[in-house]
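Visitor: This is the structure I have questions about; it appears just below.
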Amino acid sequence: LFYEFRASNFSGVNGSSYSRTAYRENPVSLFLSGLGLTAIAPVLCRKSCMARGPQWVYTLGCMAAVLGPYFLLCTFVDMHTILLLCITVGAPFWVVERVRAARDKIRFTQGVIAFAVELVPIAVLLFVVRSFVAEGYVVPSSSMRPNLAVGNLVLVDKITYGLRYPLSNKLFLEVSSPQRADVLVFRFPLDRSKPYIKRVIGIPGDLIEYREGELYVNSVRILEEDVERYEYVDETSGAPKLVMSATEELAGNRFKILRDTHARELGRGTDFPNIPGCERNEVGLKCLVPNDSFFVLGDNRGNSLDSRYWGFVSGRDIIGRALYSVSLNKMNFKFVRISN
């Protein structure tokens, strides 16, 4: 049921590396799992097993016959498309079976097909929940450390900002808009097939300045407190990294960040592209947030590809608000609210 954020690299000036998060299901494990289930399904679903073996063996075979191709499809197609395909193909058969059952007629579908048809209501429920209520993600990137670590499960609320059409992501019922300090999940503006996760720093009309690693919102410096050492293992290189963490307060919300050591590379004369609405100078970056747009940063300021590099997040690209995170690291279960 979970999408997955995957880490890839963006090379900055002077050989610096910035991690970014992008959506990919794990293709190897999904493909092998699907292949194995698809291969074992015919063995468990043989007529001899159904006639003489335990009923649960045949049921397992039917489940393998459904889940195997499903996992194989997940390697190449996103889950929303798969669920929509299952509903489109399976719903007519499910309706036919309900009508035939009401008239005391024998089933039209048999065997594995009949088993799959009975799963259509589950597919409908999953599609509705994932499209309009909530969706899960797994975070393997460090761009949101120290608040979201590698392996955290993130629950994304899709109701707070309004309802959107599942495939086009077009808003048809607006409820509210993102606020400063919200943790936002959105489609990456340069490749909308990939969702990103960052924190909202600027809303429409805000003046955002990033000077030598210090953040200013509407000419007010966002102070950093409780500075301390923080160590983590970089998921790309596998090497330990020692940085300084601090606490920021934005719009009445306090949250931890990791301080930026690459701020000097944001200024004029770098090889980063110009951002409409922003200007680079000798000390950093200044941006005026346009209407229906948002300025976002990763909490790991020195290891995040965000609005400092590619610009603003448009309202049409918003997926939802990251509301809770669940940490299962080393059997230490933690359920934490990450947006107010």
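Yeah, the Cβs are placed from backbone N, Cα and C, and that goes for glycine too.
Remember, predicted model here, so these are calculated numbers, not experimental data.
So TrEMBL lists the following for this protein:
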type: ACT_SITE; residues: Ser143; note: active site
type: ACT_SITE; residues: Lys198; note: active site
type: DOMAIN; residues: 115-323; note: domain 'Peptidase S26'
type: TRANSMEM; residues: 27-44; note: transmembrane segment
type: TRANSMEM; residues: 56-73; note: transmembrane segment
type: TRANSMEM; residues: 79-96; note: transmembrane segment
type: TRANSMEM; residues: 108-133; note: transmembrane segment
Visitor: Determine which residues of the chain contact the transmembrane segment (27-44) at the Cβ level, with the cut-off under 8 Å and only residues 6 or more beyond its ends counted.
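Guide: Here the qualifying positions are 57-58, 60-62, 64-65, 67-75, 112.
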Visitor: Enter the number of other CB atoms within 10 angstroms of the CB of Ser143 (active site).
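Guide: If we count other Cβ atoms within 10 Å of Ser143 (active site), we arrive at 26.
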Visitor: Would you count the other CB atoms within 10 A of the CB of Lys198 (active site), including those on all shown protein chains?
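Guide: A count of 25.
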Visitor: Translate the DSSP assignment of Lys198 (active site) into the three-state scheme.
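Guide: The residue in question, Lys198 (active site), is strand (DSSP, three-state).
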Visitor: Calculate the distance in Å between the alpha carbons (Cα) of Lys198 (active site) and Ser143 (active site), and round it to a whole number.
Guide: 8
